[in-house]
Amino acid sequence: MLNSLDLEGRPQDTRVVVAMSGGVDSSVTAALLKSEGYDVVGITLQLYDHGAATHRKGACCAGQDIHDARNVAARLGVPHYVLDYESRFRETVIENFADSYASGETPVPCIECNRQVKFRDLLATARELGAAALATGHYVSSRRLADGSRALLCAADTDRDQSYFLFATTREQLDFLRFPLGDMTKQQTRELARRFGLSVADKHDSQDICFVPTGRYTDIISRLKPNAMVSGDIVDLDGHVIGHHEGIVHFTVGQRRGLGIASGAPLYVLSLDAANRRVVVGPREALKMHRIVLRDVNWIGDGALDRAIGAGLELFVRVRSTRRPQPAWLRVVDGRYEVELVAGEEGVSPGQACVFYDGAEGQSRVLGGGFIARAMAQRANEAAAQSGTLAQSFAAELRG
């Protein structure tokens, strides 16, 4: 018989490691599983030098958070361990974050943390401890498929859904992961925390970039990649210099404020040219992109990716964590994966993720995704038509 975590065996015979960040979500996850009789072990990862961030609201995995996680574990009567992952986190997350910004991208460090640390190293530790599952406080859910594997689903609470940050999870990892909060709202989670008597019931939510103690990510980049702070030109779509900047890391695609340019019409950042240290700006209508080239694609849908795509796979995609999934097509073009956005999207930035879904409503299935390498305004048919016109013109010149 399967227990509440869809595992064989009685709860009291089932060890579950809970990733405890010190926040209300992971604390309630541990409390729920403990109340159901599971053999719960709490693990907190110390991910960075927390001295400057100890008392900053919104920090995660810092000194105060470790203290809170330890207190919750003591309240629940479960063993709790703190593992030092600072070196690993710096190598795989912080340095990649700085590299990405220096190359003109807008990275999502939470995705790398989940992929490189939490769902790889911590999961391996959970297995070594004899656990049957690793549970987290993410607002997503999963369900067993007919073949015994598991599908990743969006949270019931669409305002709290965190599936965007978990697209890189592998099938093997999904089989071992459990997400007890997937059907809850944040309000319900806090109410449970109060019912369990947890001190973190009203604690502030953590922010995305947990390792930036001052809240200014450029401080991290200037220390690790000083060349990224070199000044350069701000140019318009025709390449005319209309201003200057103090480093491309201060900008992201879609940005309007802080350009320092006097203009009759609003200007937006359209792209970042790291090689030439140029920030390209233009009108809002130039922000809309219709095609996206992806890298590092992960597929957790049914079957093999290329077979699923065929001549083209109709699905929904999310290009920013705060946006709703939009209709799109996924294709293989010249050996690379491309997404065509049916209605187009503004502010599509390299370094962000493009996540695949089978629908746009709550608890839709996550099919995978990839990182945005490049975005283009032209639709595929427009590009093909232009290519054909150029070829015809060239042929005519040869005949002439």
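Residue numbering: from 1, along the chain as shown.
Cβ from N, Cα, C; glycine included.
A quick note: this is a predicted structure, and the numbers were derived from the prediction, not measured.
For CYS113 (active site, nucleophile), other Cβ atoms within 10 Å of its Cβ number 24. Marked as active site, nucleophile by Swiss-Prot on the basis of sequence analysis: CYS113.
Its Cβ placed at the centre, CYS210 (active site, cysteine persulfide intermediate) has 24 other Cβ atoms within 10 Å. Secondary structure at CYS210 (active site, cysteine persulfide intermediate), taken from DSSP and collapsed to helix, strand or coil, is coil. Annotation source Swiss-Prot lists active site, cysteine persulfide intermediate at CYS210, citing sequence analysis.
According to Swiss-Prot, the ATP binding site annotation covers ALA19, MET20, SER21, GLY22, GLY23, VAL24, ASP25, SER26, LEU45, GLY137, on the basis of sequence analysis.
According to DSSP, CYS113 (active site, nucleophile) is assigned to a helical segment. If you look up Swiss-Prot, you'll see CYS113-CYS210 marked as disulfide bond.
Remark: HIS138 (site 'Interaction with tRNA') has ASP25, GLN162, PHE165, LEU166, PHE179, LEU181, GLY182 as non-local neighbours, by Cβ distance under 8 Å and separation of at least 6 in sequence. Secondary structure at HIS138 (site 'Interaction with tRNA'), as computed by DSSP, is coil. Per Swiss-Prot, site 'Interaction with tRNA' is recorded for HIS138 (among others).
The site 'Interaction with tRNA' annotation in Swiss-Prot covers GLN352 (among others). Under the DSSP three-state reduction, GLN352 (site 'Interaction with tRNA') is assigned to coil, being neither helix nor strand. Counting every protein chain shown, the number of other Cβ atoms lying within 10 Å of the Cβ of GLN352 (site 'Interaction with tRNA') is 24.
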In Å, rounded, how far does the Cα of LEU45 (ATP binding site) sit from the Cα of GLN352 (site 'Interaction with tRNA')?
25
For CYS113 (active site, nucleophile), the one of ALA19, GLY23, CYS210, GLN352 that lies nearest, given that the recorded positions are compared by Cα:
CYS210
Could you state the CA-to-CA distance between ALA19 (ATP binding site) and GLN352 (site 'Interaction with tRNA') to the nearest Å?
25
Nearest to GLN352 (site 'Interaction with tRNA') in three-dimensional space, by Cα, is which of the recorded positions SER21, GLY23, CYS210?
CYS210
In angstrom units, rounded to an integer, how far apart are the Cα atoms of SER21 (ATP binding site) and CYS210 (active site, cysteine persulfide intermediate)?
11
